[in-house]
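The next block holds one structure in the form of structure tokens; read it before the comments.
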């Protein structure tokens, strides 16, 4: 099953870079970076005393559709005093700017945000045990929901876990909920040890094995490692090409049953997966 409005060969963004909205110099650099999506943050990365300033900077920087492509703005939670102003500011931005909603726990929150931002893509972050339990309900709360993801710092605290193993079930739950809702495979939560690129790569590979595709980053130095970890290997690309070619040859000859050279029989799901692999392979930078 593919996502809502998603082509069978559609590939989600691989690199999503967080940048604090109160640092317009960093936002400008992020907009010119290799990140697939820039996440302009009004929430955790901005101190309370600078929330209004950050919001004003975001409005000024994202005032045209060209600058707004591939951008999401993370607003503050509805329980905070800044949420209403954040949403009002976002409502005035180009529709291409997505709304990134933190700490979502109820479908009512999602529907309220959708009503305040009609037609705008909503990207939901689950950051608590309750949110994980309600993941599918949240993912299906509005047709505007475009993605579901985890915020793992708060979730670790709520679950009282410190290591990767303690998050495995919650990660799988969100992946299953997103795909069951017809959404793209989720991006992983940020890896906070910025200098540990080997650890980042290993964590990405583990997440990929659970069904994640892509990851948020908190520093531009992490982007290449994330992209490399989620791009298909040469062997995966070769196999995907064989799948697509065999299906094409079978269609041309009127053959009903299709198998690979190793004897593996093909079905529709395998063909869709192969096309997704090839779409991801196209993301590899030249050289």
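Placement of Cβ uses the backbone N, Cα and C atoms for every residue, glycine included.
Whatever TrEMBL says is automated annotation, not expert-curated.
Residues annotated as substrate binding site in TrEMBL: 74, 127. DSSP assigns residue 127 (substrate binding site) to coil in the three-state reduction, outside any helix or strand. Same-chain residues at least 6 positions away in sequence with a Cβ under 8 Å from that of residue 127 (substrate binding site) are, in sequence order, 102, 103, 104, 150, 151, 152, 153, 154, 155, 158.
TrEMBL lists 127, 154 with the feature Mg(2+) binding site.
Annotation comment: TrEMBL describes 15-220 as domain 'HpcH/HpaI aldolase/citrate lyase'.
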Review point. Across all chains shown, how many C-beta atoms besides its own are within 10 angstroms of the C-beta of residue 74 (substrate binding site)?
Key: 23
Review point. So what's the average pLDDT for the domain 'HpcH/HpaI aldolase/citrate lyase' (15-220)?
Key: 96
